[in-house]
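Novice: Before anything else, here's the structure in question.
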Amino acid sequence: MLGGTDIMATPQGGEPGGLEEPKKMTREDWRKKKELEEQRKLGNAPAEVDEEGKDINPHIPQYISSVPWYVDPSKRPTLKHQRPQDEKQKYFSQMDEWYKKGVKEGSITTKYRQGACENCGSLTHKKKDCFERPRRVGARFTGVSIAPDEYEQPQLMLDYDGKRDRWNGYNPEEHTRIVEEHSKVDLAKRTLKAQKLQEELASGKLSEQVSSPRHQWGEDEQNSQTEKDRNSEDEDEDKYADDIDMPGQNFDSKRRITVRNLRIREDTAKYLRNLNLNSAYYDPKTRAMRGNPYADAGKTPEEVSYAGDNFVRYTGDTISMAQTQLFAWEAYEKGSDVHLQADPTKLEVLAQSFKVKKEDFEHEQKKSILEKYGGQEHLNIPPVELLLAQTEDYVEYSRHGTVIKGQEKAVAKSKYEEDILINNHTCIWGSYWKDGRWGYKCCHSFVKMSYCTGEAGKDINNTDICEEDLMPTEEEMTKPKTLVEIHQEKLKDKKKKKKHRKSGDSDSDNDEKKKKDKLKKALNAEEARLKQVEEMMQLDERKRGYNSVYESREPTEEEMEAYRMKRLRPDDPMASFLGK
């Protein structure tokens, strides 16, 4: 029974051109197929091969190895659809491809070439794309005045690394020119040095130098010829050292090495000014120290050479930027659509125009006030420093023009009038002092603006009878009172209170009477107004008068009270009984 059961399966092979219906597969064939797959997974059977001859991993699931019907109608297992497609791959330029440089000019073609432009003879375009004036007889037939090929640069497709390669397009052969120049310089130096040695040997100077005692002890003579030669060699070396000289580096021309100096300045680093960990914070990323490193030591910023970087925050355009931001906020609150970051140009133009208008308005306002009230002469005065002699400098010069004495500021005068004597006084007020009081020294008077009494005033003011003696003493002030005196004072206080009450009662009665009279008048006026309103409502609208003569003022308290008393209240249940 098992062998007779059929299963629908897809054939392993088929015609690549057409779509075939799935053929029936018996259960025996299905079992053989599964056994073959197991053998392939175990490695006992060779792996399946695709159309390119590549092995298919037997462990790959069927839904991956099977080709969709819209890709390959043959239904043959393959992994081609899982690999990158050639038509979708990006091809980049090779390392040897680069832009053309140093194109030779002046090469002229004298013969027409096959495939060139029939009009001008250039190989880079055709006749329909030629920009030259159409010739009566083209270059194809005449072979005269053949135009050169156009200069076209290749379109390079560079990948991520190719775009960032700093040596891309570099030709190492260009460096040979520099190497040749240095080799020629070295050869010339050696030749020159050999000639000098031969000249010294011929003249005998070299033998004298060797036999000198300074040379025997290993010392060179000062200003010798060899020293000059060495100096000249150093100058030649410095010629090339200048090209390599950079800030922060030392170039040794003898050994041709470069020594990097991490710090070439002689000042103290910020982080070394105060080694306390709780002192000003040093940010190593920005190399900034905003706080004062000497703040813990109790030194003011004026006493130290470095007080932090906070002063930089208020230099440049910082203050003007803050003023512009404040103007933007104020303008936005008043309805102007401006913003410092969104539209800075608009804000700057608006701020400048506002500043000009404000200055013009203040000038016009000042001008109008001066025209109306006057006082321009009080504004045209010299500075206060000149009025009070603040700028007077006394300087003495010698015959030779040097300063002997001077450069001292003039003493500032007091704002009060000085040395002015009044009322026959010979001394000013404040020239005499006694018992905590100021007075005149000429008459010992303690009364300001008084008339001078001379020596007689001195005798009177210096007598033992003083105002203090006439004043009652503390003992008299604190003297105990008798019972009769205390009783009399109480009676006086009671009488005063009774009088105050009577006067207060009479005043309150008068006020109440006045209020009642005012309220009565207001009620009568309200009744008259209501009657007038009823009469006006009975008339036709066209016969009513105008309200142009109506007096508008704030109603008094009595009028408001009368209005409330006479007002109709329809919600009041007792309103119907008011008219009865």
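Yeah, the Cβs are placed from backbone N, Cα and C, and that goes for glycine too.
Sharing the record's features from Swiss-Prot:
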- 1-59: region 'Disordered' (REGION)
- 20-41: compositional bias 'Basic and acidic residues' (COMPBIAS)
- 115-132: zinc finger (ZN_FING)
- 200-252: region 'Disordered' (REGION)
- 232-245: compositional bias 'Acidic residues' (COMPBIAS)
- 488-580: region 'Disordered' (REGION)
- 493-502: compositional bias 'Basic residues' (COMPBIAS)
- 523-544: compositional bias 'Basic and acidic residues' (COMPBIAS)
- 551-572: compositional bias 'Basic and acidic residues' (COMPBIAS)
Novice: Considering only Cβ pairs under 8 Å, which range in 20-41, 493-502, 551-572 makes the most contacts with the compositional bias 'Basic and acidic residues' (523-544)?
Specialist: 551-572
Novice: If we skip the immediate neighbours and take only residues 6+ beyond the ends of the zinc finger (115-132), which ones have a Cβ under 8 Å from one of its Cβ atoms?
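Specialist: Long-range Cβ neighbours of the zinc finger (115-132): 109, 138-140, 143, 145-150, 152.
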Novice: Could you give me the DSSP helix, strand and coil counts for the compositional bias 'Basic and acidic residues' (551-572)?
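Specialist: Taking the compositional bias 'Basic and acidic residues' (551-572) as a whole: 10 helix, 0 strand, 12 coil.
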Novice: Would you mind listing the long-range same-chain contacts of the compositional bias 'Basic residues' (493-502), meaning Cβ under 8 Å and 6+ residues beyond its ends?
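Specialist: Same-chain residues near the compositional bias 'Basic residues' (493-502) but 6 or more away: none.
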Novice: By DSSP assignment, list the helix, strand and coil residue numbers for the compositional bias 'Basic and acidic residues' (523-544), in that order.
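Specialist: In the compositional bias 'Basic and acidic residues' (523-544), the DSSP-based counts are 19 helix, 0 strand, 3 coil.
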